[in-house]
Amino acid sequence: MDEPDSPPPKYTAEDLEYSEPARMPFGRDEELGLAYHRSDDGQGDGLLMQASTTLVIAVSGLICAGWLLDVIQHWQVFVDISELIILIPILLNLKGNLEMNLASRLSTAANMGLLDQRSSRNAFIKGNLALLQVQSLTVGSVAGLFSFGLGAVVHPQTNNVNEIALMITASMLCAAMSSFVLGGFMCGLVLVCRKYHINPDNIACPLASSFGDLVTLVILAGCSVSLQKYINTPLPVILLFILLGMIPAWVMYVRRNKFVSEVAKEGWVPVFAAMVIASTAGLTLERYIIDYPGMALMSPVLNGLTGNIGSIYASRI
C-alpha cells in the first residue's frame, strides 16, 4: 500500500492472490501475523483445540435444529402445505452455502489484513452484507418456486395460487431476515477472532452453518404461520412483489462496491446446482418424515456435521 489510509487492492475473483506487500501482519510482528492460529505448543494444537471446540458447539446447534424440525412438522401449516417440508432441506442447504461463503470471504479478508483499516473494513462488510441480501432474496424465490414445483409433481391435486404465493413469500422473507441476523453475527465473530488472535477459518464456517440452520428454521416457521392467517387475502402477493422489487435496489448498491462487484457475477451455478442436489433430500424427507419420526431429529445433525468439517478444510485452503 502506498498510503496508510488508502483502500486495499480490489477484492475480486480476478485478483484472489494478493501481492506480499498487501499482506499485513496479524499482530506486532510478522511471526505472529503468519502463525496467529498456533498455540504455544505448536500449530496443530491450536487447530485441534479451535476446530474441535467449534464443532462441539456446532453440533449442539444442529441438535437444536433437529429438535425444532421434529416439533414444527406437526404444525398445521406444515400439514396443510406439505411442500414446506420439501422446502426445508433446500432452503437450509442454500442458506448454509451462502453464509459459509460469507464466512470464508471474511476469514480470507481478515487473514490478508483487509479488516485492519476502518475505511476498507466498513466498505468490505457493507458490500458483503448487501451481496448476501441479493443472493438470499434470489435464492429464496427460486427455492420456494422449485419446492412447490416438486410438490406439484408429487401432489398435483393440491395446487393453488395462494399456496404458491405463500411458499415463495415465506421462503424469501425467511432468507432475507436470517441473512440479516446471521450476516451481522458472522461479521462480529470474525472481528472478535481477529482481535484475540484466533484463526477465523477454524470457527466461522461451522458456526455459520449450524446456527444458520436453527435461525432459518425459527424464522421460516414464524413466517409460514403468520402468512397462513392471510392465505386468502392479497397480503402474500403484495409482500412477494415488494421482496422482488428489493432485489434490483440491492444489486445497484452491490455494483458500486468494488469489493463485491465482481463476486456478485460469479458463484450462481454452484449455488443452484446445490439446490438441485438438495431437492432429493427434500423429497426424501417429505416422503418418510411421517413413517420415521426420528428422521426429523437426526436429519440436520447428519447433514450438517460432515459439512462443517468440510467447511473448515475448504476455508483453510
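Backbone N, Cα and C atoms are what each Cβ position is placed from, and that goes for glycine too.
Keep in mind that TrEMBL annotations are predicted by a computer and have not been checked by a curator.
What TrEMBL lists as domain 'SLC41A/MgtE integral membrane' is 88-223.
TrEMBL lists 47-69 (among others) with the feature transmembrane segment.
Residues or ranges marked as transmembrane segment in TrEMBL: 129-152 (among others). Only residues 6 or more beyond the boundaries of the transmembrane segment (129-152), in the same chain, are considered here, and those with a CB under 8 A from a CB of the stretch are 82-84, 86-87, 90-91, 94-95, 98-99, 102, 158-159, 163-164, 167-176, 178-180, 183-184, 187, 243-244, 246-247, 250-251, 253-254, 257, 260, 263-264, 271-272, 275, 279, 282-283, 286.
Sequence-distant neighbours of the transmembrane segment (164-192) (same chain, 6+ residues past either end, Cβ-Cβ under 8 Å): 81, 83-84, 87, 91, 94-95, 98-99, 102-103, 106-107, 110, 115, 125, 128-129, 132-133, 135-137, 139-141, 143-145, 147-148, 198, 200, 203-204, 207-208, 211-212, 215-216, 219-220, 223-224, 227-228, 231, 236-237, 239-240, 243-244, 246. The transmembrane segment annotation in TrEMBL covers 164-192 (among others).
Only residues 6 or more beyond the boundaries of the transmembrane segment (204-227), in the same chain, are considered here, and those with a CB under 8 A from a CB of the stretch are 51, 54-55, 57-62, 64-65, 68-69, 72, 75, 77-78, 81, 84, 87-88, 91-92, 95-96, 99-100, 102-104, 106-107, 166, 169-171, 173-175, 177-178, 181-182, 185-186, 189-190, 193, 235-236, 239, 300, 304, 307-309, 311-312, 314-315. According to TrEMBL, the transmembrane segment annotation covers 204-227 (among others).
Annotation comment: TrEMBL describes 233-255 (among others) as transmembrane segment.
The transmembrane segment annotation in TrEMBL covers 267-290 (among others).
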Worksheet item: What does DSSP give as the helix, strand and coil breakdown of the domain 'SLC41A/MgtE integral membrane' (88-223)?
Response: 123 helix, 0 strand, 13 coil
